[in-house]
Amino acid sequence: MHQVVCATTNPAKIQAILQAFHEIFGEGSCHIASVAVESGVPEQPFGSEETRAGARNRVANARRLLPEADFWVAIEAGIDGDSTFSWVVIENASQRGEARSATLPLPAVILEKVREGEALGPVMSRYTGIDEIGRKEGAIGVFTAGKLTRASVYHQAVILALSPFHNAVY
């Protein structure tokens, strides 16, 4: 059984990681542990590189905390231009897989508050009245009318980041 450490306590991220690992390695093949670790970047990262650095830092911090695991996984959400997206970073003892999620264009009224220094989650919670929306459907769920959620978009990126771990060509 694979021991997988999720460098997050966010239920939407954990759900995406668990589902993707079960799809790739088989139902019941993984034990998931969740840990809160620092990203080393601002609460609301801007740009692809800062966001990816946050995910890489979370993986490194999770590895230091639980070095006996088989996989360490981090999902870091950020803002790039006028859109929100995330980076997924997965490592095992010998390799790394990374993938960037789909992007969601954000309305100007939301971007204005984020650019003033607020994190997207609290801005969206105020806008929607949904407490801790970032731990639930997120802006993605709101602006896609529930057709997608944070977890569903993260799930796809986790599947992509897992590619090196089950394909010999890597």
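The backbone N, Cα and C atoms fix where each Cβ goes, glycine too.
In the three-state DSSP scheme, LYS13 (substrate binding site) falls into the helix class. The substrate binding site annotation in Swiss-Prot covers THR8, THR9, ASN10, PRO11, ALA12, LYS13, GLU68, ALA69.
Around GLU68 (substrate binding site), the C-beta neighbours below 8 angstroms that are at least 6 residues distant in the chain are GLN3. The annotation Mg(2+) binding site is assigned in Swiss-Prot to GLU38, GLU68 on the grounds of sequence analysis.
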- Task: Between PRO11 (substrate binding site) and GLU38 (Mg(2+) binding site), find the distance joining the two CA atoms and give it rounded to the nearest Å.
- Result: 17
- Message: I need the CA-to-CA distance for ALA12 (substrate binding site) versus GLU38 (Mg(2+) binding site), whole Å please.
- Response: 18
- Going along the chain, which residues six or more apart from ALA69 (substrate binding site) have their CB under 8 A from its CB? GLN3, VAL4, VAL5, ALA33, ALA62, ARG63
- List nothing but the largest Cα to Cα distance in Å, as a whole number, among the residues THR8, THR9, ASN10, PRO11, ALA12, LYS13, GLU68, ALA69 that the record says bind substrate. 25
- What DSSP gives for GLU68 (substrate binding site), in three states, is coil
